[in-house]
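What follows is a single structure, written as structure tokens, with notes after it.
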Amino acid sequence: ANVFVTLYGQFGVTPKVHLASKSRTAFEKNKTDVFRIKTHNVGPIKKLRIEHDNTGMSASWFLDRVIVTDMSRPHLRYFFACNSWLSREEGDGLTVRYLLGSLNPMDIPKQNKYIASVFTMDVKGSGTDADVYLTIFGEHGDTGERKLVSEGKDNFERGNEDKFTIDAPNLGRLQKITIGHNNKGSSAGWGCDKVVIDDMGNKEVYEFPVNAWFDISEGDGKIQRDVVVGATQPMAIVYNVQVMTGDIRGAGTNSKIHLVMHGYKGNKNSGKIFLEGGTFERAQIDIFNVEILSLLSPLSRVTIGQDNAGIGCGWYCEKVCVLYCPFTGIEQVFPCGRWLDEDEGDGLVERELYEMVSLRQRKQKKLPWSLWIFTSDMKGAGTDAQVFLQVYGEKGKSDETKLESKSDSFEQSQCDKFMIEMPDIGKIRKLRIWHEKRHPFSGWHLGRVTIMKTLNREKYNFACNRWLDINEDDNEIIRELPATGVHVPEPLPLLKYRVTVCTGNVSGSGTDASVYLNIIGDLGDTGERLLFMSKNNVNKFEKGNADEFLIEAVSLGMIRRVRIGHDGRGGGCGWFLDKVMVREEGQPEASSVEFPCYRWLDRNEDDGQIVRELVATADDVSYHIAIKTGSINGASSDSKVFVKLYGEKGDTDKRLLVVSDNDLGNYFETAQTDIFTMETFDIGKVNRLLIGHTNEGLHAGWFLDSVQIWVPVHGVQYMFPSHRWLCKDEADGKVEIEIYPSETLEIEKLINYEVTAVTGDVFAAGTNANVFLQIYGEEGKTEVIQLKSRSNNFERGTTEIFREDVFSVTAMDLGLLKKLRIRHDNKQANAAWYLDRVEIMDTKDETMYFFPCQRWLAVDEDDGQLARELVPVDEAFMKREEEDEDGGVSSSQAQLGLEQKAMSTTYTLRIKTGEKKYAGTDANVYAVLYGTNDDTGIINLKASKNYKNKFELGLIDEFTIEAVDLGTLKRIRIGHDNGGGSPGWFLDWVEIDAPSLGQRLHFPCGRWLDKGEDDGAIVRDLYPNELQTELYTPYVPYEIKVFTSDIFAAGTDADVFIVLYGQNGVCTSQKSLCVNKRERRMYFERAAEDMFIVELEDIGDIIEKIRIGHDNRGVNGGWHLDRVEIRRLLRKGKTAIFPCDRWLARSEDDGETIRELVPSDIIIEKLSRDGTLKVIETEVDDALETHTYSVAVTTGDVYGAGTDANVFITIYGDMGDTGERKLSKSENNRNKFERGAVDTFSIEAVDLGQVFKIRIRHDNSMLSADWYLDQVEIIDTDTDEVFLFQCERWLSRKREDKRIDRVFYVKVSSYWLAVQSSKNASTRVELIPYHLSLVTGSDRDAGTCSRAYVIIKGSKQNETERLWLDLEGKSGFLPGVLDYFTCYGRDVGEIKNVELGHDGATPESCWLVEEISVAVPTKGMMYMFPCKCWLAKDRGDGLTARIFNVLDAEIVSISRKVIYEVTVVTGDVQHAGTDSQIYVTVFGTYGTSEEILLPKLEDRFERGQSDTFNLELEDIAPLRKMRVRIDGTGSRPDWFLDKIILHNLETDDEAMFTYEEWLSRTYGSKHTLVCEMPAVIDEEEMVELTIYTISVKTSDASGAGTDANVWMIIFGENGDTGTLALKESSNTNKFERKQTDTFRFTDILSLGELSKIRVWHDNTGPAPGWHLEYVDVHDDIIGKKFRFQCDRWLAKNEDDGQIMREVACANNDVLDFDEKTKYEVIATTADTDDAETKENAWIILEGKKGRSKELVMENSTKKKRFLRGATDRFEFSSKNLGDIASICLGHSPKDGKKNKTEASWRVEEVVVTERELGNKYIFQCNSLIPLSYKRDDFQTFECTKFIESFDSKARSLVPVKYEVIVITGEEKGAGTDANVFITIFGSNGDSGHRQLRQKFRNLFERGRTDRFILELLDLGDLLRICVEHDNSGISPGWLLSRIEVTNTANGVTTIFRCGKWLDMNRADGRTRRVIYPKY
């Protein structure tokens, strides 16, 4: 069976650990098995629990004893005696034991005895035949589940007492028991009276009153119960547990499932709970309510298992969800995703699950209360009605609670007890109790009610002593009772309220329906009361009635509002309610509060609501509710849907949603969004909502996707994700649920305006047309609002009064109103309308505005206009009734010059139509832009700048919009008129660029605008997505005047462009002056003066030069430019004049079409005091000169070097650049750019200053476009300065890196070095690298094109900025792909959370992330977060960002890296640059780095260049040497390496490695691609050159010689030699039997002392097998010989078949551990005031091999020790202790007496060095050690850093067999046919590259486990492995699950989890992976 152990220690309990055995023969008779387990440190171990899962053939097991050794302190050994069976068949039938331990095997603590007496009830049928189980819980733990059996006795019979003895460790005080049975046998039901437990050891007796039935068919159906000690039983805490079975074939099970919940740190647990009544079918969620008598939440873990009984008992558990505990309000998720099956996976049938903390949610806490109801002792007092209850407190009220009554509750003179849960509602004020039966015999006489909070025993009493009966007392069946008791000093009075309900005087206004009312005040509400006894009318609610009712309630305080409604039953149930009046009985009528209504409560009138909230003054709030039905088959519902909102200030009633705003006809259809408006009082911030349906109709089941609520008045929008069925037959069968908001967004706040339109008293003045209104204010304007209600509006006024129509308009706060626009659409007959005036009341500050009109809006009256603009007048004006002719406003349209341009903003709209089928539209599209100040009004998007046919599939259309002063854009509205053939349109996004504001906003949409799709809307409001907003420097307007000369043919139709330059080379982008062809024809005519206003980057006040040119297109492209004048809008109007007076033409002058101009004059216009304009003209004296640059281009002398393409160059200087110029006319060759030729060109440009770089490209045109550019030389002819650029690169689409556009830097100029160093200086901010990898899920739509980001968070708000993960060369995250990123962010210390999100806001941009890992190399940590969740607006919970808690991560230690700044200098020799791959390996004293590829990044490693960048290297300093290797690929495989400098940024050390030679097969003298260089630190070489002489002796065995090729690597303290080929021997025929071959290797860097060699051959030739006797290596420089004794075969068919051997050096003697050794202890005292001490200190060293005695560090008066900040050395001799794991430090008085005063010693660190081998152990202490004479007062410190010496490593190199187990994944196609190789890295070195192979076996097949044995020299602790395959065979792709490597010498297994593909076509396309161990 599988055996598990759990350790109980001082600091907690370990999880259950599986003792997985490598051998098949573990736990055999008379056998000792050793297991090494890694788990949490729980401190000294008190006891352990050992168990097995009873699987397998022979599960019974007799366990003798268990010994536990602490591996880091082997002197701690705990002995646990067991000496009993763990078996279902033998002994007491238990398979779990608790064992007590001690450090002394002779003194094992005794188990305690408990005698349990179980009393069965004395009633019929109370006995049971089932097996009864008992668990006892005490303060120190529990006994585990015990089956109560006694030999040959029939237990648990009626009326019996059964005694059982239970042996268990001492549990301390007993707290509770769990008792239950397994429901076996014919009569399983059992009635248990009580359980008495006698604790023999502590001489205590505990009684547990059970008094309950354990029967599935009786009572509550439970067969397992928790019982606490003592008489009063508290309320059980109900945990809501959901168990989800996976969606995999065969996932379901028939077994019994059990669950154990473990509390914080594992100290408390729930005991084993059987989940009864679940189905556990595939893809099902089973929901259980588990009652436990202890508070465990938040749980640390859960255990779930199945009993492995029955057929098909295997079960695939997806997750155990959400133990929602009402007490703490915490919901937790425990993912599993594994089989619990003997035959699947690892064969376990029980698993420990850990929480995914990121998914933890907090809900409303609910607390348990006990409730007692006393029915009076009088005849007929009892009732059989259903009783309800609601409790009110200071902070709110409980939900209505139905008291689950049995048939015999509420009988005469009986007390019924109930448990209820209530949220925290503060001190209790009152309670309402009622029943619903109105027939005669259900009357009930209630005596009193008591409630008690079970947590703190807070108690309240409610006296009643009245009838709840329709025939008694006041005929009420509802009572309110004020709370009394110690917590209520002043109980509230019970009052009667007189309510008058006035029905309207409209025809048909009365109702026969049942009317109910709820009065709501400051102290609570009355609940809904049926108004059935009118005090003054028999027939209630008739037209014009005022009906009075009395309502008895506990005082409500100030009455705020009433809620009134009817049930909609009966014939004429529609009701027109005028008002409701409420007053306290006995108060005068004047004091009554009036609640006006004047509306219908009728399903067919007004808005269809039959419940209304009335407020004394109208301040209702509109809640807009959008309900989205899921797009799943059958998601739609025909049922009626209701909602109830819960807010901070109260909650609404349950409201049926009957009339929607976006009238879609049929509601709640699949994938449809329905929008409803709910008018109610202000409930404050919405906390949660209840939504459900009435479950009627054919398809009642409904799949609710999400609910969105926006509250314009508050300016917020809430998102409630649901994604679940509300259906009796799906999931958990609920049809109503509570949902909590996942996010809250800000939207604009709105207020109400009351608009009164007064129709004039003129014949036929009224209209039936639709009337529209728009209001303008200082802060903006409203939308166009249609004024409509359901009644008949705008009828002609009767004689007495005008007809006034009142409308309520909700809009954003407009501030002071400015004007309004009103119109009608002239539809229907009698459309003409005479409008007298409009009055608008701003309800916020009660301001009234009058807009007089007194004119017709008609086609055939007055002036025939249907629209009027009205301006407000003051009230006095209205009173005078003056005739206002026309309120219109006319404004002369001002001309748009520069000043207006500065006022207005140009917006560029880019509109992207989606990539869906039929996405395009032919309708007319319009847009409105809304800013904070104003909006643009409707803009019809007619003229797309780039497509004639607009809005077609996948296209992006551009439009330009001019607008004045909108302020910041808040939202846009975009829609269409639904015209044309196929109007439906799928809009992806809109982007708005406003250069003058310097922002580009992105408005995502991703929805249809189509009557037949989505929610049927054809207009949408879009909001900007903050994450996609781009900010840049705002553009400013320039006025550019261009003067064309008055010469023949001076004009042009070409595209003229301009670039402006400011100081220091700042320039604008290139801007074309004409937008289109029409303008190009219009402007630049002969003698014309053209003015353009352009927005360009701000380059400062001074324009140094401009570049103007054209593209020579059109009929006559040549242009003669006279001058350019440029004006900027500054305080002083400055105009700069740039004279030109030259041709820009190919056929005139010098053939150039680009000119650079400098300013000659500046004109300043000033307005003088007397109002005249003064013009001052000044000459520019320090203008830049125009220089001529001669450019000599040398084409290389190699085959095919020349080009016929067009070549372009841009020259950059420190004062600006030339812009791109075409090299068109060579001065010395007709055919330009031929092989080996030099072409000279001259370029005119304004002085560039120091030229430092050029950009050169060609357009790849003509046949032979490839070009090899050798060099470019630029001469400034005016100053004779020469700038040389050595290029030596191809510009070709076919060669090198296939680029035809390159940048070159000038041959080292001091300026460029200065720029470089300043660049580097700026990059040295304290950023550290984070390596991220992301796996996207494999669902088809799992990928996304959004930009993803990560924020890494430490403690205390310490977090990185948003690190964007930008994919290079990929369009997005693709399904199933693994992507890598390196980001630089600040060091946040210890990582707490990682936030992952993306900027996609549309439904399309959903992303399923499988896992994310974050590696922090500078800390040596990697965090792997399982994610498996959607980041999407409409999937999962609707979030596009998630925060992952580090507690969910699997944390892996990776090698810690240090950041070095690397400078690579390439030689200044012809062809020195390379594009080969360059690899570097660095060797240091403490190890060797991995081989690192230096990234080329376009222009690194070029001739004469030094490239500086950062590299992460292992912490191996001090450095010794470096090996550089190039792989000779690329079109330039040769490289001349000058030197490499490594600068450690942490310690500031610098090492230089100089080579100054070629790495090349062809150039130079060495003809090698590998070189080694010694490190030079402070002018000293760290390693010297030497000669190695290697003698190889072949043995005297038959067939010992070999013909194969042999290689060798030698390892020593300075690293290794690299691979040496043993070729040139003293003998011609090498490696023959009994022969010694000698090889000499000169010029090799000495390795110092040697540790091992690796020798192998390639198995070629006729007889490749080789028996090697030994190898001798002689090092000339130290003059020492090292012997490596082998005596083994290297042969495929001899020995173990390996042809690679590692041999340790025989010179190193083995350490004798019995000898004594010396330890040096260096103690550093802290540098603080309280640090030093005059007394002695002592130390104990705890090693892996033993523990030292107390070593005293003496402090004498002569030699003072432990002074502040001092470091003291001590030397001790001791037996060898092995590796030192910890030290104990004590501080004792010198005289050993009891100390008089308090004193302490603050020790900073202790360094212990073992002198024999030189191993160093560093202990960071930083703590105060108090003075104490006691021997056991000390502090223990763990080793923080261990530095192993070379000697120590060399001596530990003994041959060890490693067992490598490779497990291939289970997915389809997981197996591979390729050859697999592995390299194992350990603290002592690596294994070399080993192939994993076996004879005659097909390895690495799907789901298979392959075992290999490798014999290696001991690697020490395994750090990582590298696995790769050679991609050979038919299907080389491989899914590697994991690799387990076991060191067979010490039995330590290291597990390397992979779970990723090694496949060219999957994940990241890699076939090589580096894997770190799990622990």
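A Cβ is built for glycine as well, from the same backbone N, Cα and C atoms used for every other residue.
Where the annotation comes from TrEMBL, it is an automatic prediction and has not been curated.
Database features, via TrEMBL:
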- 1-100: domain 'PLAT' (DOMAIN)
- 237-354: domain 'PLAT' (DOMAIN)
- 367-482: domain 'PLAT' (DOMAIN)
- 495-615: domain 'PLAT' (DOMAIN)
- 621-740: domain 'PLAT' (DOMAIN)
- 751-871: domain 'PLAT' (DOMAIN)
- 905-1023: domain 'PLAT' (DOMAIN)
- 1036-1158: domain 'PLAT' (DOMAIN)
- 1187-1305: domain 'PLAT' (DOMAIN)
- 1328-1445: domain 'PLAT' (DOMAIN)
- 1458-1573: domain 'PLAT' (DOMAIN)
- 1717-1839: domain 'PLAT' (DOMAIN)
Can you break down the domain 'PLAT' (495-615) into helix, strand and coil residue counts using DSSP? 3 helix, 61 strand, 57 coil
For the domain 'PLAT' (751-871), what is the mean per-residue pLDDT, to the nearest integer? 76
The domain 'PLAT' (495-615) and the domain 'PLAT' (1-100): do they have three or more Cβ pairs under 8 Å, with pairs 6 or more apart in sequence? no
The domain 'PLAT' (621-740) in contact with the domain 'PLAT' (367-482), cutoff 8 A, at least 3 CB pairs, sep 6+: no
Among 905-1023, 1036-1158, 1717-1839, which stretch has the most Cβ pairs under 8 Å to the domain 'PLAT' (1328-1445)? 905-1023
Quick one: DSSP breakdown of the domain 'PLAT' (1-100) into helix, strand and coil? 0 helix, 43 strand, 57 coil
Work out, from DSSP, the number of helix, strand and coil residues along the domain 'PLAT' (1458-1573). 0 helix, 62 strand, 54 coil
Can you break down the domain 'PLAT' (751-871) into helix, strand and coil residue counts using DSSP? 0 helix, 64 strand, 57 coil
DSSP composition of the domain 'PLAT' (1187-1305), residue counts helix/strand/coil, works out to 0 helix, 63 strand, 56 coil
As a quick check of your reading of DSSP, tell me how many residues in the domain 'PLAT' (1717-1839) are helical, how many are strand and how many are coil. 0 helix, 66 strand, 57 coil
